[in-house]
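Chemist: Attaching a single structure in structure tokens format; questions to follow.
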Amino acid sequence: GESRAEKFQRQHMDSGSSPSSSSTYCNQMMKLRNMTQGSCKSVNTFVHEPLVDVQNVCFQEKVTCKNGQTNCFKSNSRMHITECRLTNGSKYPNCAYGTSPKERHIIVACEGSPYVPVHFDDSVEDST
């Protein structure tokens, strides 16, 4: 099966491309990365930075996760990301997404050995 670290990479890493202003980016990527099977995932963020840079976030600023767990970390620098959001009225199997390129600090949950990202928690404008 797929490990949580592998799932994180499948759902959130797109190192090879820069943030796309193409309105079809999310429709293509959500399908390509198997997030429209059985249901449409409502919100998903892709990170356009080298994997090692995202893995390094696990050793940056420690923050509390949205669910109250304490294994989340915020990136020291802003990263290029694309936010995909299911459009209103979009119904499975016709999953349609809005595409928003952004530059933000990311917050990830990390676990395991090696200690790597396993969950994308949030993205924030500033470093506070």
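Numbers run from 1 along the shown chain.
Including glycine, each Cβ sits where the backbone N, Cα and C put it.
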Chemist: Check Swiss-Prot: it lists Lys7, Arg10, Lys41, Ser42, Val43, Asn44, Thr45, Lys66 as binding substrate. Then name which of Arg78, Arg85 it lists for that same site.
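Modeler: Only hit among Arg78, Arg85 in Swiss-Prot's substrate site, alongside Lys7, Arg10, Lys41, Ser42, Val43, Asn44, Thr45, Lys66: Arg85.
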Chemist: Apart from its near flanks, which chain residues at least 6 from the ends of the region 'Disordered' (1-24) lie with a Cβ under 8 angstroms of it?
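Modeler: The answer is 33-35, 44-51, 54, 80-82, 98-99, 101-103, 108, 111-112, 116-120.
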